[in-house]
Amino acid sequence: MLCCMRRTKQVEKNDEDQKIEQDGIKPEDKAHKAATKIQASFRGHITRKKLKGEKKGDAPAAEAEANEKDEAAVAEGTEKKEGEGSTPAEAAPGAGPKPEEKTGKAGETPSEEKKGEGAPDAATEQAAPQAPAPSEEKAGSAETESATKASTDNSPSSKAEDAPAKEEPKQADVPAAVTAAAATAPAAEDAAAMATAQPPTETAESSQAEEKIEAVDETKPKDSARQDEGKGEEREADQEHA
């Protein structure tokens, strides 16, 4: 409220001054008045902050200081009005900082825009080297898939190779049994010839020997057949597992 009252008082004073000087108003005077108004508004804003920050007990002191500042500002304004020769020179510095501030802000904005443009460029440059990564991943996945397919394709062939390798030793065992039987057959014939030439006692012994040989010959094919059957079952089991 106090600040508002002060502003109204200053406005009233300015209005009175304008009424008095309606005949000889100059642009320098208008600029000076605008500068004084701006200064008064800034001072009022500062005093408000001080009043809010200070305690209630310190409020009167702050008000007194604000009043003194306002009075000093009014005194300065009157002195400037009295010296008409010095008013244009003083009004120019009052109005000068505003365009400079504007130019400063305008000068900062293009640099900020350039920075903003530089950031997307950097992002695109970073994204460009990172782009080949998906293709490399696809190539790696394709290689792994081809390797797995090759392993699956080779597995039946390896099993097929293992099966003939197992069959070969089994086939080798069968001729061995046949050769053993062929070797025992001449021995049996020789024993029969000896039995015919020898007396009856020897014939009985030879007959027993022949029976033993025949029993052995009969058991060998059975054993070989059993072995062949067992090996055949093993092959079938291996094929089923494959």
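Cβ coordinates are placed from backbone N, Cα and C, and glycine is handled just like the others.
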Seminar exercise, completed: From the set Ser141, Ser151, Ser206, Swiss-Prot tags as phosphoserine just Ser206
Problem set entry | Which candidate, of Ser135, Ser146, Ser207, Swiss-Prot gives the annotation phosphoserine | Ser207
Exercise. 10 Å Cβ neighbour count around Ser41 (phosphoserine)?
Worked result: 13
For this session: Could you tally the C-beta atoms, other than its own, that fall within 10 angstroms of the C-beta of Ser207 (phosphoserine)?
Result: 13
